[in-house]
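Inspection log for the structure reproduced underneath, given as structure tokens.
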Amino acid sequence: MPSNGDLDRQIEQLMECKPLSEADVRTLCDQARAILVEEYNVQPVKCPVTVCGDIHGQFYDLIELFRIGGNAPDTNYLFMGDYVDRGYYSVETVSLLVALKVRYRDRLTILRGNHESRQITQVYGFYDECLRKYGNANVWKYFTDLFDYLPLTALIESQVFCLHGGLSPSLDTLDNIRSLDRIQEVPHEGPMCDLLWSDPDDRCGWGISPRGAGYTFGQDIAAQFNHNNGLSLISRAHQLVMEGFNWCQDKNVVTVFSAPNYCYRCGNMAAILEIGENMEQNFLQFDPAPRQVEPDTTRKTPDYFL
């Protein structure tokens, strides 16, 4: 197994946006799997920690996030999924986050988003990018196999519940979530799917999601869930919000989105949420990093409900 020195060299290489070799990715994913298999569906996290939303392959904006929030391991991070697809640098982005996880396992928590799936990545860019950068699909397979092991949710100091998407009509308690078998491809429906796909909504109760997966849930649902589970807040990602963060549902829910100028065209700010040693909350907003020369690519990304 590679030493910390090897990992440090790989992280240094990735910070320059240079992909690892296929063999290094395979070894890295093996190491990461051994760590993630020991983690929980509701992974406990201590404060202080900085909570981040979608990244979507926007590598230089991830570097900007670290510049604004502090580098690992000096800052503890919790990422709420969607590392790949849409941006130009999914390979480098997910490689860096996984390498940081392996190097600093207790300082970094990486959750699963709806894009950490075999099916979605074949449509929205990660699969094609792996083919283009490596000449075969092996790296795509190593990462998508690893994605099955990512925790679904995290719980900061038993108070702030973090996940990619939202709530599920099948899950009333955190113990319900703890009892799920997560080590599988994201299903098309059911509680695991809902956690990664659902969205808060202005209407009360449960609704049909326009995304075709998951549900919409109202303020009444979020307030009841928080009350039942002794929570102060649900922190989630999954939706573009123009200021980078957005409170909703009487401050029972906050959306954090960390990909500025999403898809290189949406004009939004990004944000991260710092949770301090006394659970105080501070949002840091940031604009896109200066544009790098984009790689030669004529990929057409299908438009899709944001």
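Heads up, the Cβ atoms here are built off N, Cα and C, so glycines get one too.
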Among Asp24, Asp30, Asp82, which residue does Swiss-Prot annotate as binding Mn(2+) 1 together with Asp54, His56?
Asp82
What Cα-Cα separation, expressed in whole Å, is found between Asn114 (Mn(2+) 2 binding site) and Asp82 (Mn(2+) 1 binding site)?
7
Of all the binding-site residues given, Asp54, Asp82, which has the fewest Cβ neighbours within 10 Å once its own Cβ is left out?
Asp82
Please identify, among the recorded positions His56, Asp82, His115, the one with the smallest Cα-Cα distance to His164 (Mn(2+) 2 binding site).
Asp82
Would you list, in sequence order, the residues of this chain other than Asp54, His56, Asp82 that have their CB within 8 A of the centroid of the site's CB atoms, where the site is the one recorded for Mn(2+) 1?
Gly53, Ile55, Gly57, Gly81, Tyr83, Val84, Asp85, Arg86, Gly113, His115, Ala237, Phe257, Ser258, Ala259
Using an 8 Å cut-off from the Cβ centroid of Asp82, Asn114, His164, His238, can you name the remaining same-chain residues around the Mn(2+) 2 site, in sequence order?
Asp54, Met80, Gly81, Gly113, His115, Gly165, Leu196, Trp197, Ala237
